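Shown next, in structure tokens, is the structure this report addresses.
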Amino acid sequence: MDLSELERDNTGRCRLNSPVPAVCRKEPCVLGVDEAGRGPVLGPMVYAICYCPLSRLADLEALKVADSKTLSESERDRLFAKMEEDRNFVGWALDVLSPNLISTSMLGRVKYNLNSLSHDTAAGLVQYALHQGVNVAQVFVDTVGLPETYQERLQQCFPNIEVTVKAKADALYPVVSAASICAKVARDQAVKNWQFVEKLQDLDIDYGSGYPNGEQMAVGAAVGAALRQRYW
């Protein structure tokens, strides 16, 4: 996965996508939406879509995709590699949002909260797939906020598409599980190669996935200490 655009400038956002399989332009497709990186202490929030023809959904299920949170990093990488091998019927796209963009959005004079940013990003990716020529017939989304409100909003945006928004959709629908894996693989890679804008010295870069849980609590302390040393 080529994240060189983000690595050159991690203060904004970037979009990545696979080629659109020819069959996805011809046949009705199912599309899943999920994200990785809500509430971390380091790294971007990554939204992902994954799609395939309805006629090939069983083939996607056969890959044994699952909610990325239940998989190890090596398992996620292996499953993503399998999806890349199946580019003749599986496609994906990502929107990678930097911490700087999120903070600027939320702290501006006109408030733009994280849920609204998430909803708009998801809708933007569905629209992007349509612009790319994907014949989207069904969309499944892992909810952010109230699923009923979110589903109504997306259904209004895409009246000709059947939209389903559910809590834990990444564990219920394989196409959302696949999107979850795409998002997490991208985020893991982004965190590993993260370039701090601040010139931090003596920073231990073994900070895991950037979430404040378990052994990864160390990242908050490490980054916080480095920033205090620089600015205080």
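Placed from the backbone N, Cα and C atoms, the Cβ positions cover glycine too.
Please treat TrEMBL annotations as automatic predictions, because they have not gone through curation.
As recorded in TrEMBL, the features of this protein are as follows:
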- 28-232: domain 'RNase H type-2' (DOMAIN)
- D34, E35, D142: divalent metal cation binding site (BINDING)
8 Å Cβ shell about D34, E35, D142 centroid, divalent metal cation site members excluded: V33, A36, Y47, A48, A122, V141, V144, A169, D170, V176, A179, S180, A183
Neighbourhood of D142 (divalent metal cation binding site) by C-beta distance under 8 A, where only residues 6 or more apart in the same chain count: V33, D34, E35, V165, K166, A167, K168, A169, D170, V176, S180
Among D34, E35 [binding-site residues], residue with fewest other Cβ within 10 Å: E35
